[in-house]
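S.K.: Dropping the structure in here first, questions after.
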Amino acid sequence: MSYMPAQNRTMSHNNQYNPPDLPPMVSAKEQTLMWQQNSYLGDSGIHSGAVTQVPSLSGKEDEEMEGDPLMFDLDTGFPQNFTQDQVDDMNQQLSQTRSQRVRAAMFPETLEEGIEIPSTQFDPQQPTAVQRLSEPSQMLKHAVVNLINYQDDAELATRAIPELIKLLNDEDQVVVSQAAMMVHQLSKKEASRHAIMNSPQMVAALVRAISNSNDLESTKAAVGTLHNLSHHRQGLLAIFKSGGIPALVKLLSSPVESVLFYAITTLHNLLLHQDGSKMAVRLAGGLQKMVTLLQRNNVKFLAIVTDCLQILAYGNQESKLIILASGGPNELVRIMRSYDYEKLLWTTSRVLKVLSVCSSNKPAIVDAGGMQALAMHLGNMSPRLVQNCLWTLRNLSDAATKVEGLEALLQSLVQVLGSTDVNVVTCAAGILSNLTCNNQRNKATVCQVGGVDALVRTIINAGDREEITEPAVCALRHLTSRHVDSELAQNAVRLNYGLSVIVKLLHPPSRWPLIKAVIGLIRNLALCPANHAPLREHGAIHHLVRLLMRAFQDTERQRSSIATTGSQQPSAYADGVRMEEIVEGTVGALHILARESHNRALIRQQSVIPIFVRLLFNEIENIQRVAAGVLCELAADKEGAEIIEQEGATGPLTDLLHSRNEGVATYAAAVLFRMSEDKPQDYKKRLSIELTNSLLREDNNIWANADLGMGPDLQDMLGPEEAYEGLYGQGPPSVHSSHGGRAFHQQGYDTLPIDSMQGLEISSPVGGGGAGGAPGNGGAVGGASGGGGNIGAIPPSGAPTSPYSMDMDVGEIDAGALNFDLDAMPTPPNDNNNLAAWYDTDC
């Protein structure tokens, strides 16, 4: 048919299309179909159910319709070139070759070559039903074939195993070698492999073969078979029960690479999956042989060896010591320096991480250059390698505080603080805390590379994650004291808006280890006068006083308990922190803050002076020293001096004049001197004599005296600067990750331990010879009323001369000439570490 012209289409009054004139004798259905083939293919949808659409206004056919076969004239069909006989012949041919088509699809290998089979596929992209069934049928065929072969292999191996066992036990090495190779070939197939591992006699024969044979080929074949068996749990158990581990360990000395590979991989599989293998390898001397193998240079082989070492050393102190005695740390560090194969570096770092918690291995790793070698990989793209290196560095860092040449590591750690990984930041902060402890060069380096800014940001971002805030605060505490850039660090904390965040850490829910670290940091920050006002405004003084009162109450409660129950518990602990440490820290921080007049007024308002006075009676000399120090600052104001005197401080202060602790005696003298400013002249004169007799003692060279004239208990208190002590168990522990049961160290807070008479200007109107001073025998100076008290006798002129004495005539001293210059800061002695701890604010 042809398209009908548009003008021939007429519209009736009922708004329906009238079909064009059609030839007679055409059914209604055919008329409808032909009507659909008009020039626009418009369809009301009534007859066909198609969606109604408006003909295109452009008069063009839709693009989608142009390629549709239905668009062609209905008269266009298959060419009528076949006769009925030909059609019948084709149908018969297709019917006769149906089985061949099925065979070609499912079993193509059964067809003879050259046979042509007519295809029923008209569209190459549309497979026939037979073709669609061919893939699963092929899979089924292969499964059946494999099952048949598996059964054949299993039967063959089962029949051959008894004979092969006899051959393996033969005395002729050639026979043994041939039998071992046959067994090795059988072990490559799964069915026969299961048959071998199910025969304990066969496995035992293989173990004997590798133990007794001197033939390399038979050894290689036998150990290769054991290697194949070790991929199955049943095979591992068979090897273990047959005593295969000692034989495999013996092969670790073989000069043949393939034998070594088979032996180490089999042992590795045993260590991973077979219970009891670790002890068996240790008893067979496997650790020593594996450490020796670390000298090889095949990275994949080394990766397996190091993983074996990690498995053996983890949780076993004896294994760690064996690795140390065999020279393991040096070889492991060499590997970290020499290779870039990620898996090898990762497995080696795991071994070092395990060894780094061993107090014996730790210094050996550090001495071998482990810190620098691990630092080389902090920029690696492998997160697991970086994490292991950081964990290991954290464990080693407390033993590396004196190591030189860590500038690159410190810079990398500061950069790592910006990571979004909590574990990475935790480790980096802990390492920085330890490496900046008692190391002025490291402190300066961290400050110069922006460490203070990074640590403040870390604390701000950490929120309530104490596993991050505690080491970060400790690191800041180290950076803000006792090095050339400490003042810059103190200012940098303020300029980076860190003061408010740090003070907030004194609030609950912070735990005592963190609070202790924050107290020390605030004390150091207070050394910068510019920080006094901001600290006060953020409530630092209020929180310090609150913590002091709580800790003081706990210590007093503990004392009462000891007195009433006879308990032997010497002090109160909270989260591993002694409350005496909190008392000393808070009082020391208030001492430095009290240098500013507004802070002194606020401290007086807190009604805390009575506690300071009571602390003068404390048996711990460091607490006596900080208490006397804060009273010395508060006594600078008349109001403070009056309150101190009203609280009865004169008596204990006078007693402390005779303390063997130079700092305590000097502060006590300074407080008494300031309290006497409005006293009568007679009182001042007696006080000056008492002070002179007390300060000019027979201890001529106390700074150079090794024991400082103190008992061993006090010298233990004046211990060196502590490294960061991690509180939480996340990550591998270091020596400093435990709080329980450690001795109480009297950390110094740098509270102006003034040399006796240093900065004490004493003038005399009468010139005279130098007078030494032995402690006077007199009693205390009078109390608030300025009354009695025996004045110490004037020492004889022949007494030894104190190095701190001035040229004076003691009998003619003008008390008004006494002037304590409390701003004078003596230099810590370089030859006395115990005494230098007074100046140690890092702990």
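Indices start at 1 and increase along the chain as displayed.
Including glycine, each Cβ sits where the backbone N, Cα and C put it.
Dumping what Swiss-Prot says about this protein:
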type    : residues : note
MOD_RES : THR650   : phosphothreonine
MOD_RES : SER688   : phosphoserine
MOD_RES : SER694   : phosphoserine
REPEAT  : 159-200  : repeat 'ARM 1'
REPEAT  : 243-284  : repeat 'ARM 3'
REPEAT  : 327-368  : repeat 'ARM 5'
REPEAT  : 369-410  : repeat 'ARM 6'
REPEAT  : 450-496  : repeat 'ARM 8'
S.K.: As a test of reading the model: what is the averaged pLDDT for the repeat 'ARM 8' (450-496)?
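M.R.: Computed over the repeat 'ARM 8' (450-496), the mean pLDDT is 97 on the 0 to 100 scale.
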S.K.: Using the alpha carbons only, what distance in Å do you get between the residue listed as 'phosphothreonine' and SER688 (phosphoserine) once rounded?
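M.R.: The Cα atom of the residue listed as 'phosphothreonine' is 14 Å away from the Cα atom of SER688 (phosphoserine).
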S.K.: Counting by DSSP, what is the helix, strand and coil composition of the repeat 'ARM 6' (369-410)?
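M.R.: When I sort the residues of the repeat 'ARM 6' (369-410) into the three classes, I find 25 helix, 0 strand, 17 coil.
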S.K.: Inside 10 Å of the Cβ of THR650 (phosphothreonine), count up the other Cβ atoms and send me the figure.
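M.R.: Other Cβ atoms found within 10 Å: 21.
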S.K.: Using DSSP reduced to three states, classify SER688 (phosphoserine) as helix, strand or coil.
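M.R.: Once the DSSP labels are grouped into three classes, SER688 (phosphoserine) ends up as helix.
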S.K.: For the repeat 'ARM 3' (243-284), give the DSSP counts of helix residues, strand residues and coil residues.
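M.R.: Per-class counts: 32 helix, 0 strand, 10 coil.
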S.K.: Including all protein chains displayed, how many Cβ atoms other than that of SER688 (phosphoserine) lie within 10 Å of its Cβ?
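M.R.: For SER688 (phosphoserine), the 10 Å Cβ neighbour count is 22.
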S.K.: Provide the three-state secondary structure of THR650 (phosphothreonine) computed with DSSP.
M.R.: helix
